[in-house]
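Participant: Before anything else, here's the structure in question.
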């Protein structure tokens, strides 16, 4: 090969730079340098694929492959920063075991539940699925099919799934994995404010005087937001950081005060703070009188277990979300027992420390930002706990103004934008509407051009009940998309795996990798990831962000959206609706679900010419499907406090926080002058409630369903670590992240280790009546539990720690408590 002098100089310069950086260039690197077309990296924006922070990244592509990512300096969320996971986004799609063709369990050339996985065509895969779905619908009706989706679905994927299940199959048995992470937050938002999602935004980080973390390790789980807290704390000496947790973690390193409390006693701490505010005349009476009402929650509501479970049978008011009106004096009386002494006895936190925390809320000059994630939400009284923190902010009027913000952080990139806003929960419809409300069903049927009575008014099976119905043979056809519930969910051995392997059931898993869930399924569908498709996410501060497809998917992988739409083509309306309903819309006779749901003159309203050249989903359908779905979905919220901008706008900005009215985003909701829906002269307007008033809800401490005993004498808490995300499906396939933290460990207090004759690195058996796992002990490091508690992260597929978790839920939100269950620790010889 001949080289020009200029090319030679460039090649040597590149080699020199590589040598300085300690990198060895391949021999063919000079070829890349000679060809300017090949060396040119194309950059475009996209929201990060990981957590709910919503960082924007710049994605570099070359020769049809993502080769680099970097923090987006124009992004207001992360301002050019990435966390360690974000820096390796370019590698998440290129794991060696990427599934690239549909895989069906086969024996002797036919589907067989006990067969081995074998590659099949998409037509065979989808035709087999359709056959199983039709059989389940014929046997059980709409309740015989189910879908478990994701807070990682794009907005369009989730919306298409809702239409397919709720309008097409007329089944409300669709739920997202956000049920495991955000359902308690949703429940409390709806009870307290009548509308979902935070009233504040990330600008609060630069305005608060005090930060209080209630069960959130932001240093590892939301590290980019943690940098904003760190900057505020280190730049302003008066700012205080408070961290409450059941064990010591990295967020404590910045904290001015750390509070280690007994599991479940956060209920007592929050009630104490409310009592302290009242007893010390710190109630903002002007705010309380104008903008709040008082309610009493129904108590002794059980734990969301099966109806025949003894714990559930003991409850006086199982699963009741009823509330009764009370006066302020009655509320005052309800929190009066929670004195500093009582709360200290219950929590293990000193009276002095409890008062230190309460004073920050009570001081009218201190702007307080409360933050929480799974520690509060994954809780058998998670809705109550969320509400108790809202009570504190409402009593003091510290809400919906810069720096005063009770803020529920999300764990997935579109738990807000897709699971919550789109309404992929079993009881919801888009824009905070619910299936149980006839008016909401009528609105949805009108927008979707469905005959009256199409939508089912009974909420469907939520995540935990879906497992039980599969086990009991009541759901026979089930589709898992964009999650790994066989590793992430609770009580795997007893309630989940039996349903997957039930001979009556057909389980489909759409995933890019052979996860634990995929391996337990009957059909694996290879899925396009992240920038292999066009989409949109919604983050924790109500910011909607969109991105274009930037590379093509590996092999035969297809997006979840393509899969949903192609599947819908295999059902004629007569096969799923029944004659009575079809008779109301005779023009639909002979049409497919695809024709009715996605070729309805709205979803297909935008021509292919409007889409980018690289848009495989649009090309497959022959129209700009992402824009059509988004605009139809957005029509639910416009004019109703959930306004989204036109779809094309999101491709020109780094996201906008809804409601977006007249092109302007909203930073603080409910506050006059900031929120366009707040009435003039109202000052604050909680317009989700008919009278514009938020609720202060009294709820007591109630014990968890299980506590340690003589046999199972330790608490187990499960969660995450910085380097891995959820079940590690993506991060464990990034070599640098895998090498950094290859294995899950059992973090244990040195005194507990000594009692059991354990040393760091010893292998132990963690067990209870639901199962056992083998894991190595860690007595040092980032996580330091108190005596009596161990922490084990759940990213490691070889250590299915969540099999030990009881499938008890908050009866109101149906969210599982992954933060506390009794276990015993035994040394393995």
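Backbone N, Cα and C atoms are what each Cβ position is placed from, and that goes for glycine too.
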Participant: Name the residue, out of 83, 201, that Swiss-Prot lists for the same [4Fe-4S] cluster site as 48, 51, 55, please.
Facilitator: 83
Participant: Say you check the Cα of residue 726 (Mo-bis(molybdopterin guanine dinucleotide) binding site) against those of the binding-site residues 48, 51, 55, 83, 794; which is nearest?
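Facilitator: That would be 794, nearest by Cα distance.
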Participant: With residue 220 (Mo-bis(molybdopterin guanine dinucleotide) binding site) as the reference Cα, tell me which of the binding-site residues 48, 51, 55, 83, 794 is the closest one.
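Facilitator: Considering only the listed binding-site residues, the nearest one is 83.
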Participant: Nearest to residue 215 (Mo-bis(molybdopterin guanine dinucleotide) binding site) by Cα distance: which of the binding-site residues 48, 55, 794 is it?
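Facilitator: That would be 794, the closest of 48, 55, 794 to residue 215 (Mo-bis(molybdopterin guanine dinucleotide) binding site).
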Participant: List the residues of the same chain that sit at least 6 positions away from residue 83 ([4Fe-4S] cluster binding site) in sequence and have their Cβ under 8 Å from its Cβ, in sequence order, or write 'none'.
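Facilitator: Listed in sequence order: 50, 55, 223, 224, 722.
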Participant: Drop a 10 Å sphere on every Cβ of the binding-site residues 48, 51, 55, 721 and tell me which sphere holds the fewest other Cβ atoms.
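Facilitator: Least crowded of the binding-site residues 48, 51, 55, 721, by Cβ count within 10 Å, is 721.
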Participant: Specify the nearest of the binding-site residues 48, 51, 794 to residue 248 (Mo-bis(molybdopterin guanine dinucleotide) binding site), where nearness means the distance between Cα atoms.
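Facilitator: That would be 794, nearest by Cα distance.
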Participant: Over the domain '4Fe-4S Mo/W bis-MGD-type' (41-97), what does the predicted model average in pLDDT?
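Facilitator: Averaging the confidence scores along the domain '4Fe-4S Mo/W bis-MGD-type' (41-97) gives 97.
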Participant: Between the binding-site residues 85, 374, 721, which lies closest to residue 48 ([4Fe-4S] cluster binding site), Cα to Cα?
Facilitator: 85
